[in-house]
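Database features, via TrEMBL:
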ACT_SITE  HIS37  active site, proton donor
BINDING   30-37, 148-151, ILE177, 185-188  ATP binding site
BINDING   GLN61, GLN154  (R)-pantoate binding site
BINDING   GLN61  beta-alanine binding site
Amino acid sequence: MRIFETKKELQDYLETARINKQKIALIPTMGALHEGHISLLNYAKPLSDVTVCSIFVNPTQFNDPKDLEKYPRPIEHDIALLKAAHCDVLFLPTVEEMYPDPNEKWHIDLNGLDAIWEGEMRPGHFQGVTQVVYKLFALVQPDIACFGQKDFQQVMVIEHMIKVKQLPITIALCPIIRDENGLALSSRNMRLSSNGKIQALALSKTLLYIKNNFGKIPLLQLNKQATELLNSSEGITLEYLAICETTTLKEIKTIEQDKQYVALVTARVEDVRLIDNMILN
Ligand code: PAF
């Protein structure tokens, strides 16, 4: 695996790949890699000739400086995982490399997608995400970019940016990887005790309950039952639970035949903020 720390090195390498008409896949990450990230790489492999994984803990998407400081950075472990998974290129830039101008201002109209759910809880978060993803897209110019369904709202935001900026990039929405009990894999799970991991299962169980009863129980009642299920689960502090249309992420009152729906949930367990979701139809 080639490791590049500068934009120049990366661009020189990818230029040759492009001249040779090779397909490039990008897997943007913030490191602390686990099986979920490796599944994105495995998804990209058969669809591309060169896989580029980036590891960059992006400061502009953290609204709490303590969260940024606490973010795990097990780089040696990450490099070993990527090598074992046969990643071709790792891009590992510094903050100065990605943001040479510390006063850089950024705003993209995300049609309100950045003001609801995760966006409401973490103001500025999705502007930060689009900022860094746009920079990575411009640098790598991938044919395909892979993102995990676990951050469903993030993928919708990036899809929206691609549409607005008319970027010739295909987004792959890769399935959530869960442990054997159903807990969605996340870098944050390493901050949970083994009891916390058991308590956190209430999230995926509730989402499954919604999926199994979607279209069978009136929506309002289904939402109420699912909320009660979570609120009565030990160790869970619910932030939000919603049944939404997938592209606008607006909460729905009725089900329409030709639309797709998703249930979104965010809760704290042992003060660790966990998010999960399930596509319902
Ligand atoms: O999902 C993440 O890890 C980050 O939000 C991303 C897409 C790498 C941008 O920093």
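Even glycines carry a Cβ here, placed using N, Cα and C.
Feature map: annotations from TrEMBL on the structure.
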residue: MET30; record: ATP binding site; CB count, 10 Å: 18
residue: LEU33; record: ATP binding site; CB count, 10 Å: 25
residue: GLY36; record: ATP binding site; CB count, 10 Å: 20
residue: HIS37; record: active site, proton donor; CB count, 10 Å: 27
residue: GLN61; record: (R)-pantoate binding site; CB count, 10 Å: 21
residue: GLN149; record: ATP binding site; CB count, 10 Å: 19
residue: GLN154; record: (R)-pantoate binding site; CB count, 10 Å: 21
residue: ILE177; record: ATP binding site; CB count, 10 Å: 18
residue: SER187; record: ATP binding site; CB count, 10 Å: 17
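Secondary structure from DSSP puts MET30 (ATP binding site) in coil. Proximity to ligand 1 (Cβ under 6 Å from any of its atoms) holds for these recorded positions out of MET30, LEU33, GLY36, HIS37, ILE177, SER187: MET30. Across the structure, ILE177 (ATP binding site) and GLN154 ((R)-pantoate binding site) place their CA atoms 17 angstrom apart.
DSSP assigns GLN61 ((R)-pantoate binding site) to a helical segment in the three-state reduction. ILE177 (ATP binding site) carries neither a helix nor a strand DSSP state and counts as coil. Within the set of binding-site residues GLN61, GLN154, SER187, the entry lying nearest in space to HIS37 (active site, proton donor) is SER187 (CA atoms). GLN149 (ATP binding site) and GLN61 ((R)-pantoate binding site) have their C-alpha atoms 18 Å apart, to the nearest angstrom. For GLN61 ((R)-pantoate binding site), the nearest of the binding-site residues LEU33, GLY36, SER187 in terms of C-alpha separation is SER187.
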